[in-house]
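Report on the structure given below.
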Amino acid sequence: MSDKVYIFDTTLRDGEQSPGATMNMAEKITMARQLEKLGVDIIEAGFPAASQGDFDAVTKIAESVGDIQVAGLCRALISDIDRAYDAVKHARNPRIHTFIATSDIHMKHKFNKEPEQILEMARKAVRHAASLTPNVEFSAEDASRSRWDFLAQVVEAAIEEGATTINIPDTVGYAQPEEFGKLITYLLETVPNSDKAVFSVHCHNDLGLGVANTLAAIKAGARQAEVTLSGIGERAGNAALEEVIMALHTRKDYYDVETSIVTEHLFPSCRRLATTIGQPISPYKAIVGANAFAHESGIHQDGMLKNRQTYEIMTPESIGKKGTSIVIGKHSGRNALGSKLTEMGYHLDDTQIAAVFKAIKTLADKKEEIFDEDVEALVLEEAYRIHDLYRVKELSVFSGTAGVSPHAAIVLEDFSKGSEDPVQIQEVGFGGGPINAVFSTINKMVGRDPKLELYSVNAVTGGTDAQGAVMVHITDNGVKSIGRGSDEDIIVASAKAYINAINRIERMKQEKQNA
Ligand code: KIV
Ligand code: ZN
């Protein structure tokens, strides 16, 4: 029988901490459920000591999933470890993931400590974590730039103290595949108790080698891969889950390992993430990009018609690239929508289904075909928005050629006074263009003047009647926030995204006050 490679997904931790990928609680929970359906073995749900929001999210995810292991990241500090355990202990299978850097450059400049002191901190941290749960992972941050002999010493100590998984991160994406594979072989052969732990790798993509390094390490004997959907993560991201999985799957002859991933859920999972964070999948993205299975050249098309295997090493069906079986349209009833949502992996209550149903009916009046992406965008819009303090009720914009001063008239529902019934506020304002007019009018209404750092608009599907998905990044008094909104009218989508970003700032302010 082939060995199993455990898939440790860190989309909700390393992925979520990257710019533009912030998710609210409901979005995180729905992603965690999707990851469970995909078949990952471990979800890293967050970094509980980082903030109250992270702690709450990890707790909620731990409570919401089934048998899947839920890891909480923590520095090698007793207080961090306790905080992580307090959050993950609600899971059926909790894991503590503690880390400390082992490279000379990190030990000297981040900690100003000698290697012996770091070794002692690692020992103490793992010992404490192992007193709370038998499922302890230890990571030697910046392992690929650490001295191999010192790294081996730390790894041996961590296993002695009770770590059952040893993670070797290529934190800065510096390693080269052959060299990284050799490091894993060296550790497996040199560390006397290496057979007592699963060796794991966590590769960043700074030189575009995250997946290659992960695969080289698996070939050398690593049996856990830390990955993220679509490769999101710090800087250039992490090794992409779908790429690692399809390499192992397509080249089973070469790797001879198994995973528990249900490959047919790969594309729906990446699409779910893209819709949630409002960042579309690049058409050239391996495995899940729109062009990944498109054959354009005549010679290729001819070959494909004769035998698909001429140019196709895997099928679109194997990654779940096909429509789901229930098609939603103008005449679909609520039950059909309910079944569709379940098929897509959403668990919504009746009120949420009713809100999505109403939005789909409105959209179906304007749009010929309703795609899964449309349903997903509406679910996020209607069911998973963070609790709004302001909501767009009415909006009209006037703009045109030179000589016309673009202006916006907006009515907002204001829930900020704390009552269930919102107060309506209205305002008219001018701007250099229609979006500028909308944003500056909203600023007047909410009494803020944030700096717009980024504005992007993408079509949710193809077709001229597609919904627009807008993402904004704003900074207000040093606080950064991201907002997303979708609508068949891109100006309305822009207003929703801007209000969403402001709601998040208000929410952070409230959380700070409560804390
Ligand atoms: O990149 C890294 O080293 C990490 C560790 C905390 C595992 O994310
Ligand atoms: Zn990382």
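Yeah, the Cβs are placed from backbone N, Cα and C, and that goes for glycine too.
Listed features, source TrEMBL:
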- Asp14, His202, His204, Asn238: Mn(2+) binding site (BINDING)
- 5-267: domain 'Pyruvate carboxyltransferase' (DOMAIN)
- 391-515: region 'Regulatory domain' (REGION)
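Mean model confidence of the region 'Regulatory domain' (391-515) amounts to 89 (pLDDT, 0 to 100 scale).
When the binding-site residues Asp14, His202, Asn238 are checked against ligand 1, Asp14, His202 have a Cβ within less than 6 Å of one of its atoms. The candidate set comprises the binding-site residues His202, His204. Of these, His202 has the most other Cβ atoms within 10 Å. In this structure, Asp14 (Mn(2+) binding site) is part of a helix by DSSP. Helix, strand and coil residue tallies for the region 'Regulatory domain' (391-515), in that order: 38 helix, 51 strand, 36 coil [DSSP]. Compared over the binding-site residues Asp14, Asn238, the count of CB atoms lying within 10 A of a residue's CB peaks at Asn238. For the Mn(2+) site, the Cβ centre of Asp14, His202, His204, Asn238 serves as reference, and the other residues of the chain with Cβ at most 8 Å from it are Thr10, Pro169, Thr171, Cys203, Asn205, Gly210, Glu226, Val227, Thr228, Gly233, Glu234, Gly237, Ala239. Taken residue by residue with DSSP, Asn238 (Mn(2+) binding site) is part of a strand.
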